[in-house]
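**Student:** Got a structure here, written out as structure tokens. Questions coming.
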Amino acid sequence: MGSSHIKSAPRIRHFTDVTWSWLRRNNIGAMSVVGIRYNSTDIERTQPAMQAADTSSGLPDAVVPNITSEVPLGMSTDVPLTEVTPVPFEAPTTHDIMQAAAETGVEPSLTELGLGGWSPIGLLQSTIDMFHSTLHLPWWASIVCCTLIARSLMFPLIVKGQKNAINLNNVMPQIQKMNEKINQARAEGNKFELAHHTAELQAFMKKHGVNPLKNFLVPLVQMPVFVSFFVGLRRMATLPMMSMMTGGLFWFTDLTASDPYFILPLMTSATMLTIIELGSELGVENPQMKTMKNVMRVVAVMILPLTASFPTAIFTYWMTSNTFTIAQISLLKVPAVRQWLKMPHKIQHDPASVKKSEGFVKSMKQGWKNASLASEVENRQRRAALRWKEAGTGPVPQTFTYDPTKQTPAGAHGIKTKGTVRKK
């Protein structure tokens with residue numbers, strides 16, 4: 001054992017020389033290498049071994065690393081190295097970011113607050129923030145500018161929808177007559193007449209450029225815009241963004257809080273009622289929408305207590321949008337503007353030529369009745385076709401009470417009694 005240890009001494013010295021050369025080239029402390037080499041966890045036990053290695057290698061004192069300098073300040077040398085675990089890094093929360101912003105007076109970006117992004121809501125938030133930070137507008141002015149831009153971009157769609165509504169109103173008597181023929185053919189189960197009158201109605205509407213479904217295009221476009229403004233502003237106000245607390249106007253300087261005087265909720269409900277009374281955004285009075293108008297009147301009143309606690313940032317958008325709608329309806333009723341936009345002239349039909357509008361409940365019952373009749377006729381035709389097919393391909397049905405090949409009916413050639421036939 002002793003001789004083998006003496007023979008391995010040059011190898012150990014060579015390994016030590018190579019190790020120290022690599023440490024000097026890479027500027028690595030000796031603590032980690034010695035600890036790994038001897039699997040040591042005690043600094044006091046590591047230092048003698050390190051000093052022995054330095055003496056055997058013959059390195060000058062200038063290049064011998066100071067082991068004690070590798071020990072961090074405040075760390076006890078009695079603690080094993082393997083028991084020292086690094087502290088995990090914790091990302092700052094939104095509350096920490098807002099607290100730091102309040103202390104330093106620097107507004108964090110939307111990304112740091114978890115806002116913005118490429119969704120419709122995030123793009124809207126980024127646009128409002130751009131008006132505020134780039135143009136140095138107050139928050140209420142940024143919200144108003146973005147609202148006016150969004151509503152102005154939808155103005156051509158509003159004009160197109162109104163043209164379609166007026167054209168539909170002008171040809172309503174003819175369309176009602178065609179619909180009556182279609183309903184009659186459907187009730188009778190006459191598929192040929194049904195297809196003929198349906199094609200006739202489609203060609204008529206294409207000729208006059210009308211389509212009842214186009215009237216739903218404006219609400220379908222406005223709904224995502226309203227939801228984006230509502231959700232985006234609510235998230236910015238409930239976070240809250242510190243600068244929005246002083247970015248209001250008049251009595252609502254804090255856009256993150258509700259209106260203490262309930263003035264904005266009252267004004268919003270009043271403007272909604274005004275829009276309904278003016279005949280909706282298209283400015284076209286439709287007697288068939290009477291029930292819908294009554295429902296909207298109730299909704300405009302009921303939302304008052306439901307929305308009273310909303311942040312005033314939402315009401316800033318809502319009031320601006322409603323005011324824009326009222327101005328838009330008034331503008332589209334000016335004859336010079338209608339002529340410049342090439343709006344068609346609305347025909348006032350004779351009440352006798354137009355079918356009286358039925359109530360909502362009655363219309364639903366009539367539609368259900370027509371659908372039931374059409375289904376019954378279709379089932380009847382299906383059963384008749386099935387019987388016709390079975391008559392041609394199935395077995396011959398029995399239509400008599402005897403087998404003519406084996407039995408003679410009574411009264412035909414005589415009466416059969418007890419195996420004999422008695423002729424008349």
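Sequential numbering from 1, following the chain as shown.
Note: Cβ is positioned from N, Cα and C throughout, glycine not excepted.
TrEMBL lists these features:
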COMPBIAS  396-408  compositional bias 'Polar residues'
COMPBIAS  415-424  compositional bias 'Basic residues'
DOMAIN    139-330  domain 'Membrane insertase YidC/Oxa/ALB C-terminal'
REGION    387-424  region 'Disordered'
TRANSMEM  137-159  transmembrane segment
TRANSMEM  216-237  transmembrane segment
TRANSMEM  261-278  transmembrane segment
TRANSMEM  298-319  transmembrane segment
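Tell me about the setting of these features in this model.
**Tutor:** Below 8 angstroms of C-beta separation, residues 124, 127-129, 131, 217-218, 221-222, 225, 229, 233, 243-244, 247-249, 255, 281-282, 313, 316-317, 320-321, 324-325, 328, 332, 341, 343 of the same chain, each at least six residues beyond the ends of the transmembrane segment (137-159), sit close to that stretch.
Non-local neighbours of the transmembrane segment (261-278) in the same chain are 251-252, 293, 296-297, 300-301, 303-304, 307-308, 310, 312, 315-316, 318-319, 322-323, 325-326, 329-330; each lies 6+ residues outside the stretch with a CB under 8 Å from one of its CB atoms.
A Cβ distance under 8 Å defines the sequence-distant neighbours of the transmembrane segment (298-319), meaning residues of its chain 6+ beyond its ends; these are 139-140, 143-144, 147, 229-230, 233-234, 236-238, 244, 248, 252, 254-259, 262, 264-269, 271-273, 276.
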**Student:** List, by number or range, the same-chain residues at least 6 past the transmembrane segment (216-237) whose CB is under 8 A from its CB atoms?
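**Tutor:** Answer is 115, 120-122, 124-125, 128, 143, 146-147, 150, 154, 157-158, 160-161, 244, 255-256, 281-282, 310-311, 313-314, 316-317, 321.
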**Student:** If you average the pLDDT over the domain 'Membrane insertase YidC/Oxa/ALB C-terminal' (139-330), what number do you get?
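**Tutor:** Within the domain 'Membrane insertase YidC/Oxa/ALB C-terminal' (139-330), the model's average pLDDT equals 86.
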